[in-house]
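Written out below as structure tokens is the structure these notes cover.
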Amino acid sequence: MSTPAIEVSELTKRFGERTVVDRVSLSVAKGEIAGFLGPNGSGKTTTIRLMCGLLQPDGGSGRVLGHDILTERGAIKREVGYMTQKFSFYEDLTIEENLSFVAGLYQMRRRREVVRDTLKDLGLWTRRGQLAGSLSGGWKQRLALAACVMHKPRLLMLDEPTAGVDPKARRDFWDEIHRLAADGLTVLVSTHYMDEAERCHRINYISYGTLVAQGTVEEVVRDAGLTTVVVTGEATSEAANKLRGAEGVDQIAPFGNTLHVVGRDGEALRRTVARVAAETGTQVADAETSLEDVFIQLMGDARDNMS
Amino acid sequence: MSRWLSFARLWALLVKETIQMRRDRVTFAMMIGIPLVQLMLFGFAINTDPKELPAALVAPTQDRFTRAMVGALELTGYYRFVAPDATAAEAEEMISRGDVVFVVTVPSDFGKRVEKGDAPTILIEADATDPSAASGAISTLGTVAQQALQRETGNTSADPAALSVVVHKRYNPEGVTQYNIVPGLLGVILQLTMVMMTAMALTREIERGTMENLLSMPATPLEIMLGKVVPYLGVGAVQVVVVLAAARMIFAVPMMGSLSVILLGIFVFVLALVILGYLISTVARTQMQAMQLTFFFFLPSLMLSGFMFPYRGMPGWAQALGEIFPLTHFLRLIRSVMLKGADVHTVAQSLLALTVFVLMLSLAALMRFRRTLD
Ligand SMILES: Nc1ncnc2c1ncn2[C@@H]1O[C@H](COP(=O)(O)OP(=O)(O)OP(=O)(O)O)[C@@H](O)[C@H]1O
Ligand SMILES: [Mg+2]
């Protein structure tokens, strides 16, 4: 395989006393769609900014598209498309003016045509004269995304690009991402949605500034080593009460009439659930551990992110 | 196209900045409104040759000589005796409160001395809080009083016992006139608006979060600086036209020197100002801070540049401090050229000083510019 699109090691960033990104090493292969997950405040945005050359790391090194993140920021900026978490285009410029501005900054040829095509693809051609600030939240996201792929970057860094976007637009967005990746574009995307995580080739889970899990979805689920059983029957709520805090039980999540019970210690879990099932007259079956179960487990394990 | 500057990128930045400026109605109105309002206020309200200044008279013996003299003084239009028969203590209190600007004291032996042919003395105390205010009133005093006395005594010959007037006040060498104010005002208006507008321009990007996006795109610090500075140079040009036209048409300020020297001076000065504003915006985190920093700079420069108080009338340390403000050099330049007809050689030193400001400020701004969000 060729050199990875992103290869950073031991990246560290401190704000004052707090270490917000703690020795994060990350590798993303060319053409890969890498998911970046983690609870609020875990350091996703900060890590992305470090990799875009927008923040000066306090430690560590790395290359993005072969360029050093410490010394070759200019080259990185030309070849990376970065979509910020918060809308950061000019609200007092129209949609078209914003796109023209971006096209100009990237010194694109045939700017008019590129902007026109982008507007038409977006379905914003008729609204091109509208101020960007007056767009709805979801449309702002879509505009921002369109703006950051306009210069045909080789790497996209998307910070929660689909927050607040409706399901249809999200589906379209992910189809588009996969299409771009098939043509060789590399994508690093942060998200809080499980279904989106599952559409990534690989995921990286960060917690409290530390990378705690990475790999394909299957690998992450397998490495977590969790056992999941489903409890069904009439008295699931009674069973839930008895299971809470019991030996071997780490998570209980009701889904309609069923109960998902997750634990790290499989044997202890099965023993406890079997006992409770007998007491309450419910049935037990083995189940697949989902990515969400894993994440909730990881979040529970992590220290408080807000401290 | 060099590494530092691409015209395509600069053009994109300029277009964007100009559109934003145009859409921000309030700010835009302020850019044209501030010069006009300031010009009208300063130009008309600040009268540096004030008339009818309130005065107190301390004259224990109100004889005919005293009355004649007071009458003559009132006729000059400079004095208005609001307390024509005050005691020394009352007068002292009034001047310290600011109720009167002058206290004229006629000693009790004044009449006797006049009649005997001895040299009489009167004392004028002037409120020196505003040293320029009283100069007109004081300069007329001696002659007017002397003439009044001569009329009253019927003695028109060369008088050996001439009246001596003792004046207690600070000397004010650059008698500020209205002609002096308007060119100075050009500098002050440009300074206020140019520095403030540019100081806010970059901080606004930080405050609104658009800086993150701008920095993630390939614009160089030089391009970003020029993109911010050039549009405001344009605004400055409009202000200059407005103020110079008003100076000519409303205040009839003479234009002794060459217009091209004036415009050259203005250009370098405005350049220094916008770059200073830009420098401020690399330091400030919020628009509020940018505003405060602007005023932190603005007020002392107003005081020490020679706009408010005559430069040569200030103590040495204040004059030295005044040298660090571009406004000081600009005022020297514009007054010399506009009012005294100085040519480019005469004002070369001021021009040079302004150029040094431009270079130093640009360097500092480019160094201060944060390429990252840290
Ligand atoms: N400029 C800054 N100065 C100080 N602290 C900061 C700064 N930027 C981020 N932080 C802190 O760093 C931590 C990580 O923030 P970051 O924005 O990277 O989290 P995140 O994973 O993107 O969270 P979210 O999912 O909510 O977007 C937070 O606790 C935040 O308060
Ligand atoms: Mg974030």
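Note: Cβ is positioned from N, Cα and C throughout, glycine not excepted.
Feature list (source: TrEMBL):
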- B:26-46: transmembrane segment (TRANSMEM)
- B:147-372: domain 'ABC transmembrane type-2' (DOMAIN)
- B:181-202: transmembrane segment (TRANSMEM)
- B:229-251: transmembrane segment (TRANSMEM)
- B:257-281: transmembrane segment (TRANSMEM)
- B:293-311: transmembrane segment (TRANSMEM)
- B:347-367: transmembrane segment (TRANSMEM)
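Of the ranges B:229-251, B:257-281, B:293-311, B:347-367, the one with the most Cβ pairs under 8 Å to the transmembrane segment (B:181-202) is B:257-281.
Within the chain carrying the transmembrane segment (B:229-251), a Cβ under 8 angstroms from the stretch's Cβ atoms is held by residues 14, 17-18, 21, 31-32, 35-36, 39, 43, 178-179, 182-183, 185-186, 189-190, 193-194, 197-198, 201, 262-263, 266, 270-271, 273-275, 277-278, all 6 or more beyond its ends. Within the chain carrying the transmembrane segment (B:257-281), a Cβ under 8 angstroms from the stretch's Cβ atoms is held by residues 186-187, 190-191, 194-203, 225, 228-229, 232-233, 236-237, 240, 244, 290, 293-294, 297, 326, 329-330, 333-334, 336-338, 340-344, 347, 350-351, 354-355, 357-358, 361-362, 364-365, 368, all 6 or more beyond its ends.
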